[in-house]
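Undergrad: Dropping a structure here in structure tokens format, bear with me for questions.
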Amino acid sequence: MTSDFEAELRAVSLRVTRPRLAVLAALRDHPHIDTDAVIALVRAQQPTVSHQTVYDVLRALTDAGLVRRIQPAGATARYESRVGDNHHHIVCRSCGAIADVDCAVGQAPCLTASDDHGFVVDEAEVVYWGTCPDCATARTSH
Ligand SMILES: [Zn+2]
Ligand SMILES: [Zn+2]
């Protein structure tokens with residue numbers, strides 16, 4: 001598993017470091033977590049890693065395209081390592097839980113804007129908002 005991350009880092013010409021491997025592993029196991037959660041997971045493995053190092057790693061991995069940063073309106077930035085498929089997110093208004101929603105494909109793919117105004121489109125960001133099952137259950141049982 002670790003060697004996959006090493007190959008990913010080498011493929012984008014990033015040096016393989018233990019904090020980078022730890023961040024990639026944390027995001028694989030816990031998609032859509034915020035910076036604080038990444039720091040906690042990395043430091044559970046490597047207590048000497050500083051906050052700044054984790055910030056730097058997240059920025060480097062995001063810039064290199066290995067990690068995607070998402071920031072729903074009103075929420076803190078979250079990170080995930082599922083990249084390159086332009087998938088969308090559904091966010092719970094109540095607890096902030098986030099889940100993946102595959103890109104809508106078929107007759108009208110998301111990247112085909114109904115009117116692109118001459119822009120070259122390379123990304124479509126769609127956020128669905130609602131109430132997650134846990135919150136919906138909590139609401140009806142009170
Ligand atoms: Zn919820
Ligand atoms: Zn996602």
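Using the three backbone atoms N, Cα and C, a Cβ is placed for every residue, glycine included.
Positions annotated as Zn(2+) binding site by TrEMBL: Cys92, Cys95, Cys132, Cys135.
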Undergrad: Please give me the CB contact count at 10 A for Cys135 (Zn(2+) binding site), counting all chains in the structure.
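TA: If we count other Cβ atoms within 10 Å of Cys135 (Zn(2+) binding site), we arrive at 16.
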Undergrad: Among the binding-site residues Cys92, Cys95, Cys132, which residue has the fewest other Cβ atoms within 10 Å of its own Cβ?
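TA: With the binding-site residues Cys92, Cys95, Cys132, fewest surrounding Cβ atoms within 10 Å: Cys95.
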Undergrad: Taking the mean position of the Cβ atoms of Cys92, Cys95, Cys132, Cys135 as the Zn(2+) site, which residues outside that list, in the same chain, have a Cβ no more than 8 Å away, listed in sequence order?
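TA: So the extra residues in range turn out to be Arg93, Ser94, Gly96, Ala97, Thr131, Pro133, Asp134, Ala136.
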